[in-house]
Amino acid sequence: MQLNSTEISDLIKQRIEQFEVVSEARNEGTIVAVSDGIIRINGLADVMQGEMIELPGNRYAIALNLERDSVGAVVMGSYAGLAEGVKVKTTGRILEVPVGRGLLGRVLNTLGEPIDGKGPVDNDGYSPIEVIAPGVIERQSVDEPVQTGYKTVDSMIPIGRGQRELVIGDRQTGKTALAIDAIINQKESGIKCVYVAIGQKASTIANVVRKLEEHGALANTIVVVATASEAAALQYLAPYSGCSMGEYFRDRGEDALIVYDDLSKQAVAYRQISLLLKRPPGREAYPGDVFYLHSRLLERASRVNANYVEKFTKGAVTGKTGSLTALPIIETQAGDVSAFVPTNVISITDGQIFLETDLFNSGLRPAVNPGISVSRVGGAAQTKIIKKLSGGIRTALAQYRELAAFSQFASDLDDATRAQLEHGERVTELMKQKQYAPMSVAAQAVVIYAAEKGYLKSVALNKVGHFEAALLSFMNSEYAALMTNINATGDYNADIEGEIKAALDKFVATQTW
């Protein structure tokens, strides 16, 4: 039988009409390009934003760009051995890190793997690094203090549990020192700490870990490290990993403190990844979502109410609120706080502590500028005794700076102006504090009381430090019960004021400084 051309044409049309295209979801793809830690994959039909993609050799990449015909992913770690044609698989999982009490005292990388040589970590489970922050109804107002141990901060820029307080300044102005001292001061407070080091030298981080260990604070702290030599992806993800580890304590009705050191380097790492993924650059070449990069991280620091904790723990913990307090650090260039990332983080946080190079170089350490440093919510959380006593400190310093500038041009000053200048000089001198020497609430209260009530008038400017040291030694030996009472309660009443006044009168009479 011979078919003519018309029949053949009809047969082909019939077959074409009967043909069904079956779309098959594939979870395996092929690398089509590798460059600078970025891989482009074809053939992944079923992948979600932020999903872990399994690579050969027990390595992973994270899918960040989902395009029409390919997926752009960033490799976590080394990309040696990855080449065009290599097969990869989706996992269906978002990146998770280990969490739990067993992480305290350990040094971990971004993925939660131990890098301190102390064996495997004893974790209570895993938590995704990206979690939606608690909503408005689940939160509670900030009304309990986090004592940093710094007179300047605790008296003028108080920090509350659940607050986000930015530490901002140029390089070498004492930002890390302030944050580390705040961690050291928590060893007796019950607040668990997380220190996230982003883009720093390994030697610097080793020194920080050693100092925490020396001062007995490492046992209470988790250190998460993404050094300068590690892949940009790990530097970008490190703060989210640390935050999940801190949230473990918050969600179980405990208090935690997290330090991000520093978010400028995280933003640079994210900019690098975004540019390599060919996302359109914006201001200062940062991508358009760099604000969201930091806002979604810092919003997770919060104080949650008892209902949230009870619901999260399925009734295992009742009547307890939890908190995660954040101290993000931002490094400025030549004091420019109006740059893109600093202004973003200032607008996200609940206040900022400005550290200035000029103050640091003049010997005022911590180099806090009280004029432009502010705590927007911490005032409600300040310890009662410090709040009552420290009201005049900020005013004295502000008046002193104004008068000091004016007095350079005035040949003769009246007695009132001279008295204000001398008081301001002594308060400024009193605010100086050595590193790794955080002060208790009672010690701060006694010292501030001495300044406010004029006990420093007769003390020579170069003797203020000696006066403070001798006063605290005297108080701890002669009035130990009073100091213990103030530390325990934080109260301030006529009886406590009378005792402090009597103690100071007795001390000043000895002239032992």
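Even glycines carry a Cβ here, placed using N, Cα and C.
Listed features, source Swiss-Prot:
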type: BINDING; residues: Gly169, Asp170, Arg171, Gln172, Thr173, Gly174, Lys175, Thr176; note: ATP binding site
type: SITE; residues: Ser373; note: site 'Required for activity'
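Just so you know, the Cβ of Asp170 (ATP binding site) picks up 18 other Cβ atoms within 10 Å once every protein chain is counted.
It is Lys175 that, of the binding-site residues Arg171, Lys175, has its Cβ surrounded by the most other Cβ atoms within 10 Å. One way to see the shell of the ATP site is to take the Cβ centroid of Gly169, Asp170, Arg171, Gln172, Thr173, Gly174, Lys175, Thr176; the remaining same-chain residues with a Cβ within 8 Å of it are Glu331, Leu355, Thr357, Phe360, Ala367.
Ranking the binding-site residues Gly169, Gly174 by C-beta neighbours within 10 Å puts Gly169 at the top.
In sequence order, Thr357, Phe360 make up the list of same-chain residues 6 or more apart from Gln172 (ATP binding site) whose Cβ falls under 8 Å from its Cβ. Ser373 (site 'Required for activity') is 15 Å away from Asp170 (ATP binding site) when you measure Cα to Cα. Taking the Cα atom of each, Gly169 (ATP binding site) and Ser373 (site 'Required for activity') are about 11 angstrom apart. Taken residue by residue with DSSP, Thr176 (ATP binding site) is part of a helix. Gly169 (ATP binding site) falls within a strand segment according to DSSP. Counting other CB atoms no more than 10 Å from each candidate's CB, the recorded positions Thr173, Thr176, Ser373 peak at Thr173. Cα of Arg171 (ATP binding site) to Cα of Ser373 (site 'Required for activity'): a span of 18 Å. For the pair Thr173 (ATP binding site) and Ser373 (site 'Required for activity'), the Cα-Cα distance reads 15 Å.
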